[in-house]
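So the structure is just underneath, and the comments pick up after that.
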Amino acid sequence: MTNATGPQMAYYGAASMDFGYPEGVSIVDFVRPEIKPYVHQHWYNYPPVNPMWHYLLGVIYLFLGTVSIFGNGLVIYLFNKSAALRTPANILVVNLALSDLIMLTTNVPFFTYNCFSGGVWMFSPQYCEIYACLGAITGVCSIWLLCMISFDRYNIICNGFNGPKLTTGKAVVFALISWVIAIGCALPPFFGWGNYILEGILDSCSYDYLTQDFNTFSYNIFIFVFDYFLPAAIIVFSYVFIVKAIFAHEAAMRAQAKKMNVSTLRSNEADAQRAEIRIAKTALVNVSLWFICWTPYALISLKGVMGDTSGITPLVSTLPALLAKSCSCYNPFVYAISHPKYRLAITQHLPWFCVHETETKSNDDSQSNSTVAQDKA
């Protein structure tokens with residue numbers, strides 16, 4: 001069976017078996033000879049997965065790609081169409097949308113083709129490296145743009161008008177820094193530090209976190225620090241202090257109202273409480289989604305590079321990568337389309353979307369800080 005070729009479905013249930021593969025068939029048996037140098041020896045220990053996994057993952061990736069094109073494309077379109085959205089903060093958001101859009105449009109078509117055309121990598125070895133590099137650049141860039149967005153929100157909400165203002169120039173610099181960090185983290189394998197190889201069920205390519213040598217170990221520790229640990233610290237720091245600042249502000253207002261012998265300084269206390277709850281929930285959702293998407297892949301990579309490859313099966317390796325790529329679908333909705341100003345732009349420029357957002361203005365100065373906080377969060 002070592003020379004088996006063609007779709008894996010043809011071998012599923014062979015040799016008088018109702019389910020599974022004949023004994024001795026490896027997941028690597030279906031890989032073309034010129035691709036095998038890009039397959040780590042670890043995967044030779046596993047039989048192919050049920051072919052239905054390939055079809056299921058192909059359908060899921062097609063869905064993710066469609067949602068990403070719609071969501072991120074809409075954000076980019078509205079940014080270019082509406083002058084009101086072309087703010088410094090939204091420069092970061094539109095770069096996030098661009099990065100996410102590139103990730104899905106450069107990865108999804110090839111992954112789904114592999115899923116439906118044989119269940120293994122069907123393209124050249126060189127494009128395996130390009131595929132992995134593009135996924136790394138856009139993934140890391142999105143992570144750091146989320147850090148920049150989180151820090152901007154922290155600066156606005158915690159420092160208010162006393163903090164340094166985010167100008168268009170600064171926003172462009174922050175976006176460029178994110179792209180430079182991403183490129184700097186993704187290019188080393190082309191120069192001998194680390195490797196890009198096939199991973200999991202061999203439908204896609206990514207970092208090599210299985211080879212046990214100092215070269216691979218040092219590169220993976222480098223990307224773990226710059227792609228996960230530092231961004232996680234910045235995002236958690238930002239949102240923890242955002243929530244603390246909001247509740248401290250509300251406590252100060254209640255104390256001031258008590259000194260003035262009034263029940264509240266607000267015209268509508270119920271609305272204020274709802275705004276506080278919304279801000280806290282938004283912060284919790286932002287942090288939780290980030291960790292849900294990126295932590296499994298980071299832990300699997302760290303487990304492999306530390307030498308413990310037990311339990312890293314083809315599916316265990318593949319599913320965290322799916323979670324990581326799914327962030328490109330929710331980002332445009334969490335960071336842009338859910339915002340009232342984006343919904344207003346949809347109402348104005350795409351009325352057939354049936355989004356009916358009305359422009360509101362508040363004249364109550366006592367609510368200014370919370371209004372800014374609610375918009376930014």
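Just so you know, glycine gets a Cβ as well, placed from its N, Cα and C.
A C-beta separation below 8 Å, combined with a sequence spacing of at least six in one chain, links C128 (disulfide bond) to I35, Y38, W121, Y196, I197, L198, C205. Under the heading disulfide bond, Swiss-Prot lists C128-C205, citing sequence analysis as support.
The N-linked glycosylation site annotation in Swiss-Prot covers N3 and rests on sequence analysis.
Residues or ranges marked as N6-(retinylidene)lysine in Swiss-Prot (evidence: similarity to another entry): K325. K325 (N6-(retinylidene)lysine): 26 other CB atoms within 10 A of its CB, across all protein chains.
What Swiss-Prot records for 1-53 (among others) is topological domain 'Extracellular'.
Averaged over the topological domain 'Cytoplasmic' (79-90), the predicted model reaches a pLDDT of 90. Per Swiss-Prot, the feature topological domain 'Cytoplasmic' maps to 79-90 (among others).
Away from its own ends, the topological domain 'Extracellular' (116-131) comes close to residues 6-9, 27, 30-32, 34-35, 37-38, 48, 51, 54-55, 58, 106-107, 110, 189-190, 196-198, 201-205 of its chain (Cβ-Cβ under 8 Å, at least six residues beyond either end). Summarising the annotation, Swiss-Prot assigns topological domain 'Extracellular' to 116-131 (among others).
If you look up Swiss-Prot, you'll see 152-170 (among others) marked as topological domain 'Cytoplasmic'.
According to Swiss-Prot, the feature topological domain 'Extracellular' maps to 195-218 (among others). Same-chain neighbours of the topological domain 'Extracellular' (195-218): 27-28, 30-31, 35, 38-40, 42-43, 48-49, 53-54, 57, 107, 110-111, 114-115, 119-121, 128-129, 131-133, 135-136, 189, 300-302, 304-305, 307, 309, 312, 314-315, 317-318, 321, counting only residues six or more beyond its ends whose CB sits under 8 Å from a CB of the stretch.
According to Swiss-Prot, the feature topological domain 'Cytoplasmic' maps to 247-281 (among others).
The topological domain 'Extracellular' feature in Swiss-Prot is assigned to 306-313 (among others).
The annotation topological domain 'Cytoplasmic' is assigned in Swiss-Prot to 339-377 (among others).
Tertiary neighbourhood of the transmembrane segment (54-78): same-chain residues 8, 85, 93-94, 97-98, 100-101, 103-105, 108-109, 111-112, 114-116, 119, 201, 203, 318, 322, 325-326, 328-329, 331-333, 336-337, 342, 345-346, 349, selected by CB-CB distance under 8 Å and a gap of 6+ residues from either end. Feature annotation from Swiss-Prot assigns transmembrane segment to 54-78 (among others); the stated evidence is sequence analysis.
Below 8 angstroms of C-beta separation, residues 54-55, 57-58, 61-62, 64-65, 68-69, 71-73, 75-76, 79, 121-123, 127, 131, 134-135, 138-139, 141-142, 145-146, 148-149, 152, 168, 171-172, 174-175, 178-179, 182, 203-204, 325, 327-329, 331-332, 335-336 of the same chain, each at least six residues beyond the ends of the transmembrane segment (91-115), sit close to that stretch. According to Swiss-Prot, the feature transmembrane segment maps to 91-115 (among others), an assignment based on sequence analysis.
Feature annotation from Swiss-Prot assigns transmembrane segment to 132-151 (among others). Through the fold, the transmembrane segment (132-151) approaches residues 89, 92-93, 95-96, 99-100, 102-103, 106-107, 174-175, 177-179, 181-183, 185-187, 189-190, 196-197, 204-207, 223, 226-228, 230-231, 234-235, 238-239, 286, 290, 294, 324-325, 327-328, 331, 335 of its own chain, all at least 6 residues removed from its boundaries and within a Cβ separation under 8 Å.
The feature transmembrane segment is assigned by Swiss-Prot to 171-194 (among others), with sequence analysis given as support.
Taken from Swiss-Prot, the feature transmembrane segment covers 219-246 (among others), and the record attributes it to sequence analysis. Counting same-chain residues at least six beyond the ends of the transmembrane segment (219-246), those with a Cβ under 8 angstroms from any Cβ of the stretch are 139-140, 143-144, 146-147, 150-151, 153-154, 157-158, 181, 185, 188-189, 193-194, 207, 209, 276, 279-280, 283-284, 286-287, 290-291, 294-295, 298, 301-302, 305, 370, 373, 377.
Within its own chain, the topological domain 'Cytoplasmic' (79-90) is flanked in space by residues 97, 149, 152, 166-168, 170-171, 336, 341-342, 344-345, 348-349, 376, which lie at least six positions past its ends and keep a Cβ under 8 Å from the stretch.
Within the chain carrying the topological domain 'Extracellular' (306-313), a Cβ under 8 angstroms from the stretch's Cβ atoms is held by residues 42, 46, 210, 212, 300, all 6 or more beyond its ends. DSSP assigns C205 (disulfide bond) to a strand.
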